[in-house]
Amino acid sequence: MQHTDINAVCAIEQQVQFHPWTATQFADSVERYQSTVVEQDGKILGFCIMQKVLDEANLLLMAIDPKYQGQGLGTTMLNDAITRLGSACVQIFLEVRESNLSAIALYEKVGFHQIDLRKNYYPAPNHQKEHAVIMVNMLNEDAFQFGQ
Ligand SMILES: CC(C)(COP(=O)(O)OP(=O)(O)OC[C@H]1O[C@@H](n2cnc3c(N)ncnc32)[C@H](O)[C@@H]1OP(=O)(O)O)[C@@H](O)C(=O)NCCC(=O)NCCS
């Protein structure tokens, strides 16, 4: 992602999130995080933001333009972002709204599984709260095997 992509990224974000990130947050993420976009014919169709911390990463945010969802772009973009993290990254964590079944299905498809449930974590419409599903993708299982 480059600074010139931020308007297009914000336009996608505003269509898909209840509490969208701001342009300032995206500008910050260009500097601080591994921020990937997927584009076709010069048009930004999606983005993925990973925060690397030592040998781990957090998947902070990803989205595909609603007009282009369901075509495999999310899977391809996420797999590319995971590859770009490099072999030194042994696990990736994320949080996702419990109701976001399409995202959870995508995450499971690329190797994440649930490890926890954070109750009443997200704001929801009508002053309600929603649980967060905590997931991990163990990229290098060997790193977690202990000798006898
Ligand atoms: C989640 C999201 C990124 C998926 O992107 P996508 O390009 O539509 O995903 P893909 O086409 O690669 O589909 C991957 C898998 O996700 C699941 N999936 C996608 N759309 C789905 C839907 N409408 N209902 C149920 N499962 C769905 C399926 O398991 C699918 O695999 P399959 O095609 O083999 O069945 C996209 O729906 C999105 O941007 N949602 C809004 C933002 C969001 O929720 N981001 C994640 C939390 S930050």
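A Cβ is built for glycine as well, from the same backbone N, Cα and C atoms used for every other residue.
TrEMBL annotations: computationally assigned, not manually curated.
Annotation comment: TrEMBL describes GLU95 as active site, proton acceptor. Around the Cβ of GLU95 (active site, proton acceptor), the number of neighbouring Cβ atoms within 10 Å comes to 16. In the three-state DSSP scheme, GLU95 (active site, proton acceptor) is classed as strand.
There are 24 other CB atoms within 10 A of the CB of TYR107 (active site, proton donor), with all protein chains counted. Secondary structure at TYR107 (active site, proton donor), taken from DSSP and collapsed to helix, strand or coil, is helix. Under the heading active site, proton donor, TrEMBL lists TYR107.
The acetyl-CoA binding site annotation in TrEMBL covers MET62, ALA63, ILE64, ASN100. ALA63 (acetyl-CoA binding site) falls within a strand when secondary structure is assigned with DSSP. Around ALA63 (acetyl-CoA binding site), the C-beta neighbours below 8 angstroms that are at least 6 residues distant in the chain are ILE12, GLU13, VAL16, GLN17, GLY46, PHE47.
Secondary structure of the domain 'N-acetyltransferase' (1-140) per DSSP, as helix, strand and coil residue counts: 49 helix, 57 strand, 34 coil. Taken from TrEMBL, the feature domain 'N-acetyltransferase' applies to 1-140.
Rounded to a whole number, the C-alpha distance linking ILE64 (acetyl-CoA binding site) with TYR107 (active site, proton donor) is 14 angstrom.
In sequence order, no residues are near ASN100 (acetyl-CoA binding site), counting only same-chain partners six or more apart with C-beta under 8 A.
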